[in-house]
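*Asks:* These came from Swiss-Prot, pasted as-is:
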{"type": "TRANSMEM", "residues": "4-24", "note": "transmembrane segment"}
{"type": "TRANSMEM", "residues": "29-49", "note": "transmembrane segment"}
{"type": "TRANSMEM", "residues": "65-85", "note": "transmembrane segment"}
{"type": "TRANSMEM", "residues": "95-115", "note": "transmembrane segment"}
{"type": "TRANSMEM", "residues": "161-181", "note": "transmembrane segment"}
{"type": "DOMAIN", "residues": "190-275", "note": "domain 'RCK C-terminal 1'"}
{"type": "DOMAIN", "residues": "277-360", "note": "domain 'RCK C-terminal 2'"}
{"type": "TRANSMEM", "residues": "370-390", "note": "transmembrane segment"}
{"type": "TRANSMEM", "residues": "402-424", "note": "transmembrane segment"}
{"type": "TRANSMEM", "residues": "438-458", "note": "transmembrane segment"}
{"type": "TRANSMEM", "residues": "463-483", "note": "transmembrane segment"}
{"type": "TRANSMEM", "residues": "492-512", "note": "transmembrane segment"}
{"type": "TRANSMEM", "residues": "529-549", "note": "transmembrane segment"}
Amino acid sequence: MSDIAIIVSLLSLVAVLGLWIGHIKIKGVGLGIGGVLFGGIIISHCTHLYGIELDAHTLHFIQEFGLILFVYSIGIQVGPGFFASLRQSGLKLNGFAVMIVGLSGILVALIHKLFDVPLPVILGIFSGAVTNTPSLGAGQQVLTELGGDNITAVMGMSYAIAYPFGIIGILLSMWLIRIIFKVNIDKEAQEFDNNQNQQKEGLDTLNVRLTNPNLGGLKLKEIPDFESHTVIYSRLKRNDQLIVPNVDTVLNVGDVLHLVGEKATLRKMQLILGEEADVSVSTRGTIFRSERAVVTNENVFGKKIRHLMLKGKYEVVISRLNRAGVELIPNGEMALQFGDVLNLVGRQEDIETVRAIIGDAHQKLQQVQMLPIFVGIGLGVLLGSLPLYIPGFPVALKLGLAGGPLVVALILARIGSIGKLYWFMPPSANLALREIGIVLFLSVVGLKAGANFLDTLLSPEGLAWMGYGAIITFIPLIVTGFVARIYGKMNYLSLCGLLSGAMTDPPALAFANEIKDGHGAAALSYATVYPLVMFLRIILPQLLAILLWTAS
C-alpha cells in the first residue's frame, strides 16, 4: 500500500473506533466527539509497537484542514446570532462567560510560573481542561511559530490527559451548585418561563378604526410617523370591502386598519389614528390571501424591499419578515437575504407573481453552494495569516488557521449574501462539514500523541497534569457559578447552560437539558454565550503563549 492509502485507512479506523468510544455512556455521560482523540491514541500505540511510520507532512495538512473546516462551519452556524448575543439581552450572560474564560487564563499563567510547567504542556492541559479543541490547534500553531519543538505530540498528550475531567468537572459543578443552593428545578423552570413571557415582545397585530377627523382625506404616507417604518399597514377594511393599501391610498374616517408591529408602537399609533376596533380583518372569504414565501432567487439578494415595488405593481404587502428565526418589521429600506421568509398579503394571482420573483424554491434551502464556502475559507486563511505586531512581543499576533476562518465566517454569515453569493448552509450540511473537520483534526492529534501517552499517564508527571487540569476546569466554573447565583440572581437552568457554553461542551449541554426535560432555558443561554466564548478560547491560548514565552 502507498503511504497515502495507509494514512487514509488508519484515519478511517481511528474515526470508527473513536466514534464508538464516544457513544459509550456512563449514567448518560460520554466523551462524545472527544472519543476520536482516544481512538487515535490507541491506534497510534499499536502503530508504534509495530514500527509503522506515517508521513508527518501529510498528517499535518489533514490536521490543519480539519481544523479549518470545523471552525468555519461553526462560524457560519452561529454567525447570525453572534452580534445579537452581544446586545443588551446577552450582556449579563456573556459577562459571566468572559469571567470563566479570564479566570482559566489566570490559572494557566499561575500554574506555569509556580510549578514550572512547560508552556506546550500547560497550553495542552488548558485546552483539554476547557474541552475546547480549536484552542488546542491555535496553541499548537503559535508555539510552532515561536520556534517550539515536538509541539503537537506533547500538547496532544497533555490535552488528552486533562480532557476527561474537563467533562466530569462541569457536571460536578452543576451538581454542587444545585445541592448547595437547594435548587427546586420546577420552581426555577416556572420562574424562567414567567420572566421570558414578560420580556418577550415580538410582532403583534392591532385593528384600529380611524376616528381622528384630521386624518380623513389624507394619503397613507401622510400619516404622522409613517416614515418611521415601525408599523406595517397590511390591510384596510372600508365598510365590508377589504383592501390591500399602498402609500397613496386615501383614508376615510371609519376605515379599519390592520397594523403589524411591536406592542408599544401599535398603542402609540392607536392614539394617533383613533380607537381599537373589535372587527375581523381576516382574508377568509375574500379575494385576498395571506401566505408565506421564502427568498431564494439570487436576482433579489441584497435588493431593498422598496425597489421591488410590490405594493405599487402587484398590490401585495409584506406584513412580516422572518430572518434566522427572528421576526422583523419589513420596512422599505431592508435588504432581502437568502432564506428570508416573507408573509405576503394580496390577491392569489398577485402573490403567485411575487412568489416567482423572490424564488420560493424550498429545495434550494437544502442545497449547498460550494463557491461561497471556499471563498470564505480562503479569506479566513488570509485573515488568519495577517500579522499584528505588538511592541515587545517576539512574534506577531495572528488569528491563525483557527481564528481567521472563524472571524470571516461570523462576518459573512451576518452579512448573508453579496451579489449572487450567499453564505446560508443547510443545518445538515453544516453539521456534516463540522463533524468531518473535527474528526480529521482529533484523529491526527491522537495519532501524534499516542506513542508515549500510556507511559506519561501512569507517571507522577502525568498525575500532576491531571491535577492541574482539574484546577483549571473546576475553579473558574464554581467561582463564577456562585457569583452568578448570589449576585447575579441567575436562574439555575440558565446558569447550567452558561457553564456548558463557557466550556463549549455539547455533552454538558445534553446533561443540562436533561435536568428539566423539554425546557429550553439551558440551550438558550448556551447559544447566547457560545459564539463569543469560542472566539475567546481561540485567541486566549495565543495571547498566553506569546506573553508567557516573552516572560520566560
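One-based numbering along the chain as shown.
Yeah, the Cβs are placed from backbone N, Cα and C, and that goes for glycine too.
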*Asks:* Do at least three CB pairs under 8 A connect the transmembrane segment (438-458) and the transmembrane segment (4-24), leaving out pairs fewer than 6 apart in sequence?
*Replies:* yes
*Asks:* Within the domain 'RCK C-terminal 2' (277-360), how many residues are helix, strand or coil going by DSSP?
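*Replies:* Looking at the domain 'RCK C-terminal 2' (277-360) with DSSP, the answer is 23 helix, 28 strand, 33 coil.
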*Asks:* Check for me, if you would, whether the transmembrane segment (402-424) reaches the transmembrane segment (161-181) - at least 3 Cβ pairs under 8 Å, residues 6 or more apart in sequence.
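*Replies:* Counting Cβ pairs under 8 Å, fewer than 3, so no.
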*Asks:* Give me the stretch from 65-85, 161-181, 370-390, 492-512 with the greatest number of Cβ pairs under 8 Å to the transmembrane segment (438-458).
*Replies:* 65-85
*Asks:* So if I exclude everything within five residues of the ends of the transmembrane segment (161-181), which remaining residues of that chain have a CB under 8 angstroms from its CBs? That is, six or more out.
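*Replies:* Same-chain contacts beyond the flanks: 29, 31, 34, 37, 124-131, 453, 456-457, 462, 465-466, 468-470, 472-474, 477-478, 481-482, 485, 492, 495-496, 499-500, 503, 505, 507-508, 511-512, 515.
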*Asks:* Any chance you could find the range in 95-115, 370-390, 463-483, 492-512, 529-549 with the most Cβ pairs under 8 Å to the transmembrane segment (65-85)?
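*Replies:* Against the transmembrane segment (65-85), the leading stretch is 529-549.
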*Asks:* Sort the residues of the domain 'RCK C-terminal 1' (190-275) into helix, strand and coil with DSSP and give the three counts.
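*Replies:* For that range the per-state counts are 30 helix, 30 strand, 26 coil.
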*Asks:* Thinking of Cβ pairs under 8 Å, which stretch from 29-49, 370-390, 492-512 has the most of them with the transmembrane segment (463-483)?
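*Replies:* If we count Cβ pairs closer than 8 Å to the transmembrane segment (463-483), 492-512 scores highest.
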*Asks:* May I ask for the residues of the chain that lie six or more residues beyond the transmembrane segment (370-390) and have a Cβ under 8 Å from a Cβ within it?
*Replies:* 68-69, 72, 76, 396-409, 412, 421-423, 425, 433
*Asks:* What is the pLDDT of the domain 'RCK C-terminal 2' (277-360) when averaged and given as a whole number?
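*Replies:* Value for the domain 'RCK C-terminal 2' (277-360), mean pLDDT as a whole number: 83.
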*Asks:* Can you work out which residues elsewhere in the same chain, 6+ from the ends of the transmembrane segment (492-512), have a Cβ less than 8 Å from its Cβ atoms?
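*Replies:* For the transmembrane segment (492-512), the list is 28-33, 93, 96-97, 100-101, 130-132, 166-167, 170-171, 173-174, 177-178, 181, 183, 185, 188-189, 192, 473, 477, 480-481, 484-485, 519, 521-530, 533-534, 537.
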